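Before any comments, here is the structure.
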């Protein structure tokens, strides 16, 4: 074990030695940088940018750029970065984590790599845990960057889209992790590229990196929306479908399980819902609900495909006959069956977009972070984010006194001892910080201190601005501050001059399940070589002690006749606690790793959809893409209707009916013509006819209008199907563990089923786009619309509505208007006939 530790330590030492050489280079440049005037110093920024365009790299510029920032910081902020801060900056620039102890100046350290990487013009994001810290750092460090001629932006939750665009366009952007993630998701839901706010993700420096990438790694960011009319529509569609007659108003192909409305059925629907054209883009949702209602009634059979159990629809696995609890049919079929069976239609909020911090931050070209405590999670940072943890030496030696844990028999005895210790230190005038794991504990100690007449502050993470004031007072003479462990991170406790001899006393009321959090609490004392003392009070009734076998120790204390006021101070107990913490940390790491494996399935799918969506937004002409979709749709339809080996069993009539209903007009493709062809030859004449019809449609309107119509269709279909797919993947994920029977690996099942569902969604997108392009009439006031209004599910969401740009279109013939060909018939019964 000692050998391994030594090896790890040696690796860190080698890195420090290597960086020390660069620090010496930076120091050597000081004599040439110091004499420069402010204007000449500013001019260095332009010089560096020019050198980058001529082929130099940011690595080449590092020593000189760091020397420039150091001199500028001295002039503007009155702070001169130490050598150890230069090392921290080098580690950050190289895409690693700088572990720098509390009070060592992480914020100032970050300015060095931020400036250097901002010279590329690609943007640098400085990420903090809350908006107060983002604003503070942007205001303070922004002065330095602006002095050197760089632009600084701050991205807040309350900002408008225009303000966010300005913030992201700056060379350096300060933001919270939540806001960055939500902006990324919102950018992939917009309908016009002018509405996007983010640029490509280049370089991020995360402050308190362990808090964001480890503690919050399992929290997904979700933008959700309510499909409010959905429940009602399913009921209306269900009532309508019950009135339909087989063969006459809908046709059903037993072999392909394909069901669709006939011309009579379409007319009946238009009358029933008082609309002119069921295939109009305005009625996408209605048509979808009718189709799913048809499938629910005609294709899906109770006690064969599903069962009704305790008021819920439960799917039956067609291969094993097992109930697939937790799984729901996608694309609204499940709700249609719920309407059919008269059970409650579940209209839970729909996830429109989701991402975890793990996957968001892994998209950056380069990522780095700073914290006082990262070494214990080094394996996770290396394996998941490809970042090494480099422990930066402190500027002055740490002289803090970390005392061994005191263990009491009961919680009551422990808290009495804690309060007694606080009272004694308070009398001497020593400032005390009390760390608690839970808010209830802090309230209990607060009551006990009030009874003893000790004035104190309670610190929790609810009010960030007030938090900074409390922290500022926490180092004053006789101050007592009770804080939950995470509160106050990012703000230093500075000692008053009259308490420098004592230093700060940090009292922990129990061990956290993570050593890292305990180390953060300890690190509050003894900053920058100040004196200080830390002491943890434990009891046998603490959660960690209860979980990891403290019964023997409790029995031992009973045997020794120890009462509640007598603690034991034992290295053996401290080691047992540490080993328990390591086990919990290991379990938590495994859980985060597993989350990432599951999330990677959706990540790959999300990247495909978002990339294609981006291409659609930027494309001037989608015709080629849509023709490809039509080709795929036709080929799938041909394959589905000709899958039997014997030619007589092919369902050519079903194929022609499908084509007439969804893509072509009656008579475009004849049954007898197709019967003369082999399956691989059938697609060609069908596709040729489709292209001919597409050309006819293009002649009916100006090109600009046709191109916008294509985009409207693609966006509406893709966004609807994708949100339904995310929902289906959510249900699959929830139910997959319930099917871990036999030797089945749930992750592998999730990957396989998720992939099959994604392929099915892509096919469904292609088919629906083809149908709407060929069958829908063009609206007069055509505009792109969001499928559902999204709302960020997080305190820092901004549910800002996307501004839509109307695209005004020319005159179009209504379905019930007289046809312009002069036949005297209504347009829908003449040139606008819909099969």
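Positions of Cβ are set from backbone N, Cα and C atoms, glycine also.
Binding of ATP is attributed by Swiss-Prot to 85, 103, 104, 105, 106, 107, and within the candidate set 469, 492, 497 the record adds 492 to that site. Ranges compared are 768-787, 788-807, and Swiss-Prot records region 'Disordered' for 788-807.
Here residue 105 (ATP binding site) comes close to 79, 81, 82, 85: these same-chain residues lie at least six apart in sequence, with C-beta atoms under 8 angstroms from its C-beta. Sequence-ordered, the extra residues of this chain that approach the ATP site, with Cβ no more than 8 Å from the Cβ center of 85, 103, 104, 105, 106, 107, 492, are 100, 102, 108, 109. Counting other Cβ atoms within 10 Å of each Cβ, the binding-site residues 104, 492 show the lowest value at 492. Here the binding-site residues are 85, 107; the one with the fewest Cβ atoms within 10 Å of its Cβ is 107. In three-state terms derived from DSSP, residue 106 (ATP binding site) belongs to a helical segment.
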